[in-house]
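Chemist: The compositional bias 'Acidic residues' annotation in TrEMBL covers 496-507. Residues or ranges marked as compositional bias 'Basic and acidic residues' in TrEMBL: 598-613. Summarising the annotation, TrEMBL assigns compositional bias 'Basic residues' to 614-638. Taken from TrEMBL, the feature domain 'Nucleolar protein 10-like N-terminal' covers 1-228, 256-314. Among the features that TrEMBL reports, domain 'Nucleolar protein 10-like second' is placed at 319-367. According to TrEMBL, the domain 'NUC153' annotation covers 432-458. Sequence annotations record features per position, and here TrEMBL assigns region 'Disordered' to 477-511, 594-638.
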Amino acid sequence: MQVSSLNEVKIYSLSCGKSLPEWLSDRKKRALQKKDVDVRRRIELIQDFEMPTVCTTIKVSKDGQYILATGTYKPRVRCYDTYQLSLKFERCLDSEVVTFETLSDDYSKIVFLHNDRYIEFHSQSGFYYKTRIPKFGRDFSYHYPSCDLYFVGASSEVYRLNLEQGRYLNPLQTDAAENNVCDINSVHGLFATGTIEGRVECWDPRTRSRVGLLDCALSSVTADSEINSLPTISALKFNGALTMAVGTSTGQGKIFTSLEPEHDINDVCLYPNSGMLLTANETPKMGIYYIPVLGPAPRWCSFLDNLTEELEENPESTVYDDYKFVTKKDLENLGLTHLIGSPFLRAYMHGFFMDIRLYHKVKLMVNPFAYEEYRKDKIRQKIEETRAQRVQLKKLPKVNKELALKLIEEEEEKQKSTWKKKVKSLPNILTDDRFKVMFENPDFQVDEESEEFRLLNPLVSKISEKRKKKLRLLEQQELHEKEEEEEPEGKPSDAESSESSDDEKDWVEEVRKQRRLLHQEEKVKRQEQLREDRQTVLKPQFYEIKAGEEFRSFKDSATKQKLMNKTLEDRLKLEAKNGTLSISDTTVGSKQLTFTLKRSEQQKKQQEAEKLHRQERKTLRRSAGHLKSRHRRGRPFH
């Protein structure tokens, strides 16, 4: 697919590329598609969208389902179905077609205007009727309310053929010598014709009188315009009730964009309500262009929108293999400014295209030292290739650099493994926002000197040493590349080649080694602690006793601590021995535990004093009762 741009309007050519002959077998076509890249990359929207020799006219049916085209040789009409993307039927004609029109929504009613003054009517089944007009015709339009066909051509009269009555009506007499084109407004039915003198005459079909005259040639010619002949009206089309577009033979007007195919254009047709443009060319292949600015792609090829969006996201420079693009400054350096305007230079945008062979010949003549430049370019390319074999610099975070390097290496190994087999890809921690703080906040720095880290990862120390060496190499390489840009690569050092032997140590030996190192470090710490204890002077410490408690000795706290260190079973046995615990069986076969709270010494003294007090009161009550009994008996007191 070829892409061109003019006035920032992109035009996608969908018909460019090589076409395969019809007489080739399917097997040979498939073989060519495998070998030839241009054949494989071409886009074929509609199958066999071409004519035997030349295509003269092309139009689209009103329902948008059928594309009809006429051409030679032999004169014929072909109908293509957009729903099937292939040829629906083909009919041969007696003479070449000037233009044609579909009277129905589909292809069931077609009118052809031939170059031998014949008008041919076709129905869905084929040929229906043929008649002739007095003068050679150039264009015609159909008036639906009155069923009249209006023909214009090499005459000042506009011929009218009524299809309901089947006869000619009185013609319309214009002021022009000849009429080129005509059109009827579908809203209010106004008929307009473009003359050879550059005027547009408007007629009312109801009254058969002229209602307006527009001199387009006089208004289009200004003092700045350069024309060699009088502009004639070559195109005419209504757009709505109040808008009309007029085209002149000299190309007067503001250019929106332009197409420049390899061959001349005979007819142009815009697909309704879309940005697709169909052209009939002086070549067997018919042109298909897509302009996204004009509108979306048709419904039967809606994938073009996605295709063009992808091309706009990844733009590619246009390259011509046989031509070289040069600017005016390049021509001055080569001494070829005298070729401007000649067939050797083709103007394009801000420069010119010239034959690549001519460019090389002139450059060798102007610059005989081109071989030295070529040699330097090759040496520079070799240096770039050797640089690509180096270790690529990676941007590492400020925190946990070794962990980031480990994750990068694992990701590279995972990518290499995905080429061989399909592995489910997992998210990378470095690119995950949830773990972003771990590589930014220093509080999350991994402590590799801790006991847990060294015991759980005994081989991490060796691997980390490799990564530290790699980090140092990366830093040295970065400094080296800044100092020397064109120095060739050296051989790898022996230290790098011997690193692979470190990974062959056994896991158990490494764990034992780490444990020995930890014991030695603990021994050194204990010795240092003893030295510090000997040097320090002990001072008396005072403790405060809580209210309601009595101090006995430090042995009680020691015994309490020992009791807390014992198991539950040992404590239960001790409680049962002291009498504070009693175990009894219940009726259902389970065990019942009863605990007696242990009383303090103060509570014991208080209980003994209460007991002594109760005994004294009891003796006093007994003695008082004895005295009362003697008094009743009349015994005196002593």
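Cβ coordinates are placed from backbone N, Cα and C, and glycine is handled just like the others.
Note that TrEMBL annotation is computational and uncurated.
Remember, predicted model here, so these are calculated numbers, not experimental data.
In the displayed structure, how are the listed features positioned relative to their neighbours?
Modeler: Within the model, the domain 'Nucleolar protein 10-like N-terminal' (1-228) shows a mean pLDDT value of 86, rounded to a whole number.
Assigned with DSSP, the residues of the domain 'Nucleolar protein 10-like second' (319-367) fall into helix, strand and coil as follows: 21 helix, 14 strand, 14 coil.
Packing against the domain 'NUC153' (432-458) from elsewhere in the chain are residues 397-400, 402-404, 464, 507, 510-511, 513-515, 517-518: each is 6 or more residues past its ends and has a CB under 8 Å from a CB in it.
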Chemist: Treating G and I as helix alongside H, and B as strand alongside E, what does DSSP give for the domain 'NUC153' (432-458) in helix, strand and coil?
Modeler: 15 helix, 0 strand, 12 coil
Chemist: In the domain 'Nucleolar protein 10-like N-terminal' (256-314), how many residues does DSSP assign to helix, to strand and to coil?
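Modeler: Going through the domain 'Nucleolar protein 10-like N-terminal' (256-314) residue by residue, I get 14 helix, 17 strand, 28 coil.
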